[in-house]
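In what follows, a structure is listed as structure tokens, so that the remarks can point back to it.
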């Protein structure tokens with residue numbers, strides 16, 4: 001960024017203002033607000049590093065949203081009250097100074113870490129996440145890539161947490177324009193607050209409408225439209241209790257009453273941090289609104305110019321210091337958590353969490369002290385006060401590094417992925433056999449994202465006689481049922497409910513159906529109100545009935561030959577949480593055994609990925625010198641064709657019989 005252009009880029013209406021045109025008598029720094037930021041970021045940090053301890057710690061983001069809405073609106077009200085206009089250029093430049101230096105630094109670090117610690121198949125995704133984060137659309141990018149916030153399985157994006165930054169920046173971009181538009185027509189502050197409150201109610205109602213119980217809440221969690229109410233609640237209180245209210249010797253009666261509720265409301269909020277789970281249907285049907293309303297007394301008490309006990313408590317210096325670095329700490333903690341997992345650190349969960357927390361705080365402190373604070377105070381000149389040219393060069397170089405990194409990352413071939421990415425456990429060598437094409441046949445791949453990864457890597461130029469299509473849905477099975485994960489019912493995405501009904505529609509008169517056994521069957525299931533424990537006789541019967549249903553559907557669709565493929569062994573990363581069932585080789589063997597016996601009874605061709613990829617029951621992370629899995633679960637663009645060179649002849653061999 002260059003010099004800040006001080007020329008106003010504004011919209012004025014001097015004859016009518018939503019607030020009196022006079023500067024407030026007290027608008028100084030409020031250390032207690034930084035204390036609140038400290039509480040919010042610590043809640044999120046502990047939730048990510050120790051989710052079992054504070055299962056509602058993710059609500060810290062909601063506190064951030066309400067606080068941001070309040071502060072930004074107060075700032076705009078104050079400026080409009082003083083001058084009758086909003087200097088948009090200055091406003092957006094101030095936001096850029098505040099946000100971009102730390103963000104670009106973390107993005108460069110993420111790209112560098114990904115070059116060494118991310119499997120080749122995942123690097124394009126990280127590059128796209130980086131661009132989406134830089135341009136503040138990461139929330140929609142995560143939705144498009146089906147990455148659920150509460151998904152404990154698989155390898156998450158190191159920039160998953162940037163969804164909230166995207167929503168805030170979208171707010172910073174659009175809200176001043178909305179404020180200026182309303183300022184032309186709204187002459188009373190309470191009317192302005194009412195407009196924001198109505199808009200907040202509409203957003204909250206939209207969230208409640210879109211949310212479906214027992215269905216993955218990712219859409220309503222990431223959506224700007226469904227989370228806007230949190231910022232707008234802050235905006236409403238910022239408009240109602242703006243600078244002129246604080247300009248009085250004492251705040252108004254209502255503000256004073258609300259402020260006195262700070263302690264009980266904070267206590268309720270802390271209980272929510274510890275106890276509130278995203279599984280509760282009430283969370284997305286009014287629960288988050290209540291959480292946001294609980295933050296208001298604390299914010300008003302912390303922002304009051306009149307000293308009070310709440311301010312003194314939240315001005316506690318260590319807590320205030322955490323609040324000062326809260327933005328940088330939020331940026332750093334998640335990539336540190338992803339890249340320096342317990343598996344990579346070779347530590348237990350508790351020890352790894354402590355290391356991650358310490359490193360996050362150290363990185364955040366250095367970023368704030370030597371980058372964020374100097375630029376915020378003096379622009380780019382703050383970096384090298386005596387050499388503005390060098391400062392500008394540093395900024396341009398940093399931006400160029402992000403741009404080059406996003407282009408170069410997918411092409412990087414170096415790096416040494418460790419256990420976390422599935423590169424441990426030895427190497428397999430598989431001689432690719434010759435293949436003799438036969439009569440043309442239509443093959444349909446059925447299952448979840450694992451067979452999908454095979455489908456997208458199908459080498460059509462080699463197997464010209466196979467017309468391959470897919471009927472897949474990420475994370476879904478072909479049969480209804482309530483999977484139990486970590487002792488709780490797993491959310492069922494709406495897409496899975498649709499898949500249960502429609503998965504077989506594309507199979508009509510297919511020559512071959514390749515049905516991949518879903519790993520969901522490794523977990524307990526709840527059927528007709530009864531918990532079926534994995535490995536029990538009842539659970540085995542459920543597996544067989546599910547396969548019976550699959551076979552019946554394939555016969556209805558006139559599939560000539562169904563083929564059942566079992567599960568391979570895996571070493572999924574745990575990120576400090578309970579290991580997924582897919583890591584339990586004994587469970588995988590048992591499920592495969594039930595499926596193999598069922599296939600023999602029903603005269604269904606059975607292909608064993610386990611025997612092919614896990615000789616001796618041992619996990620292998622490489623195949624012919626290349627990564628077998630791109631994220632410890634899905635086949636890569638290199639390993640996929642090698643797997644097809646095994647599958648295709650098996651299909652032909654059976655046809656020859």
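Just so you know, glycine gets a Cβ as well, placed from its N, Cα and C.
Now, the feature entries from TrEMBL:
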DOMAIN    31-342  domain 'Acyltransferase 3'
REGION    1-26  region 'Disordered'
TRANSMEM  31-50  transmembrane segment
TRANSMEM  56-77  transmembrane segment
TRANSMEM  98-117  transmembrane segment
TRANSMEM  170-186  transmembrane segment
TRANSMEM  193-212  transmembrane segment
TRANSMEM  254-276  transmembrane segment
TRANSMEM  282-303  transmembrane segment
TRANSMEM  324-341  transmembrane segment
TRANSMEM  347-371  transmembrane segment
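Averaged over the domain 'Acyltransferase 3' (31-342), the predicted model has a pLDDT of 89. Sequence-distant residue pairs (6 or more apart) of the transmembrane segment (282-303) and the transmembrane segment (193-212) include at least 3 whose Cβ atoms are under 8 Å, placing the two stretches in contact. Under the criterion of 3 or more C-beta pairs below 8 Å, with sequence separation of 6 or more, the transmembrane segment (56-77) and the transmembrane segment (347-371) do not qualify as touching, having fewer than 3 such pairs. Within its own chain, the transmembrane segment (347-371) is flanked in space by residues 45, 49-50, 101-102, 105-106, 324-325, 327-329, 331-333, 336-337, 340-341, 383, 574, 576, which lie at least six positions past its ends and keep a Cβ under 8 Å from the stretch.
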